[in-house]
Amino acid sequence: MAALGALVKKAWSVRRFVVLLCAPLALVPVLLSLPPKEGRCLYVILLMALYWCTEALPLAVTALLPIVLFPFLGILPSNKVCPQYFLDTNFLFLSGLIMASAIEEWNLHRRIALRVLMLVGVQPARLILGMMLTTSFLSMWLSNTASTAMMLPIANAILKSRAVEKEISNDVLSDLKKEEEYKTNIWKGFLISIPYAASIGGTATLTGTAPNLILLGQLKSYFPECDVVNFGSWFMFAFPLMLIFLLMGWLWISILYGGINLRGWKTKKSNIRVDAEARAKEVIKEDYQKLGPTKFAEQAIFFFFCMFAIMLFSRDPKFIPGWASLFAPGFISDAVTGITIVIILFFFPSQKPSFKWWFDFKAPNTETQPLLTWRKAQETVPWNIILLLGGGFAMAKGCEESGLSVWIGGRLHPLEGVPPPVAVILITVVIALFTEFASNTATIIIFLPVLAELAIRLKVNPLYLMIPGTIGCSYAFMLPVSTPPNSIAFSSGHLMVKDMARTGLLMNLMGVLLLSLAMNTWAKSIFQLGTFPAWANIHAENATSLVTAVENVTLSALNKI
């Protein structure tokens, strides 16, 4: 096995090396077949897409290529490329990552998870529901990967407590075999529900997953006048969708893996099953008691976490004036709100402060540890995602400045006759399938410019196509390699590829249909999707003038020939 592993690793290294060397040469015809600037930009994008899909380079390193290639190829000067890596959208995401670090530091996530499980009960269907609710809630604020990694140890402890005892008599041998099969199924359903809930929960907030923030950043790049998407408006749209999908997913997983038995719901539980549930309840209770009484630091983190969510939601909720209206228009963004809260974490004490030394000069004035230290933030914040976001924004800027997005839009004539509701379903299906094999961040970076131009061609609100594409990137349930949460759950050794494939196929289908329903109902009033907005019209007029200019340049060059 060791020799086989070494052989696989060597083969993978050779493949990476071949891709690194051959991809730039294989894409040279792209440079020759398009207008010069558009061809050079498409060359960079295809090269990055290939590196992302094959992971020939680390994802974050590939995201740095625009800093090198755009200036060298004359697409964008470096003073326009580099700022894309530190837009206010990146800092909004950073604030969410720092808040997640503080929550992890004081085990607040574990207390919340165990408390929810104690409330929902230990019957299999209820445990699956409790795990999905907790994971999705954590994933709204933490990364999907971190939420899954936090919840799996809790799940494993509960599942081990439900193990069937081996000391048996011949009388109960057949019952024991049935209970073993039942336990195996429940184990699979329990494990598979966690990454699915993480992927679904991440769609509910702008900071929940990287594709949501990439949408926000690319909207600011393509449509600077668009101000309808912010933390509050996104939450009003995506949170109900998340709840409905979560409930449907729970029903499907519970029915498929035996948590809900439609045929024998009136049958009496066996003694073995009753004992297993009692042990699971005891394990949850013991784990919760090990946490001890709620610490001052946990209370403080919970308070600032609530402030973080409330201030982001109420900054500009659209249906009423937000608190940002008290300041100069355009000066306060979600990034300002998020960073303001997380800065407090670095100096607010983790222990209840004592003011004895104000009145007693002999009292010791010991320095208390803050809620979060910078060293801890450095260790736990995934800084590579910030670079990945920046690479996406740099690609979007290059597409816009080079005219590549307009060129792509000009090739979308065959799709102009497609009804917009059908286009939403097709887009979601295509992107959901594509992201089964590629990073969801890389997928949305590649597709969003195309969707923006397609919307302009169809004369529909760009958000009507861009939002389904963004959320569709998170609906990757069928393969272990589709998302890091899927890979983490699969690595437990209790799931097979066919388990994820048969469960994920219907999950993907449900996601596509529910997203289409949401886009054609409550999303229309939240984002004003029924009209072609003025901010998109300005972009369309600019694009038309650019196309005319390109055509004139091409004709003049042909006349000279």
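Cβ coordinates come from backbone N, Cα and C, glycine included.
Here is what TrEMBL says about this protein:
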TRANSMEM  43-73  transmembrane segment
TRANSMEM  123-142  transmembrane segment
TRANSMEM  190-214  transmembrane segment
TRANSMEM  234-260  transmembrane segment
TRANSMEM  296-314  transmembrane segment
TRANSMEM  326-348  transmembrane segment
TRANSMEM  418-451  transmembrane segment
TRANSMEM  463-483  transmembrane segment
TRANSMEM  503-523  transmembrane segment
Self-check item: Tertiary contacts of the transmembrane segment (190-214), as residues 6+ beyond its ends and Cβ separation under 8 Å
Solution: 89-90, 92-93, 95-96, 124, 127-128, 131-133, 135-141, 143-145, 147-148, 151-152, 155, 158-159, 230-231, 234-235, 238-239, 241-242, 245-246, 249-250, 253, 257, 334, 338, 385, 388-389, 392-393, 440-441, 443-445, 448, 470-471, 473-477, 483, 485-486, 488-489, 492, 494-495, 499-500, 503-504, 507
Quiz item: Where else in the chain does the transmembrane segment (296-314) make close Cβ contacts, counting only residues six or more beyond its ends and a cut-off under 8 Å?
Solution: 95, 99, 102-103, 106-108, 111, 141, 231-232, 235, 322-323, 334, 337-338, 340-342, 344-345, 348, 350-352, 371
Quiz item: Which one, 43-73, 234-260, 418-451, 463-483, 503-523, has the most C-beta pairs under 8 Å toward the transmembrane segment (123-142)?
Solution: 234-260
Self-check item: Intrachain residues whose Cβ lies under 8 Å of the transmembrane segment (43-73), provided they are six or more past its termini
Solution: 15-16, 19-20, 23-24, 27-28, 30-31, 81-82, 84-85, 384-385, 387-388, 390-392, 394-395, 398-399, 404, 437-439, 441-442, 446
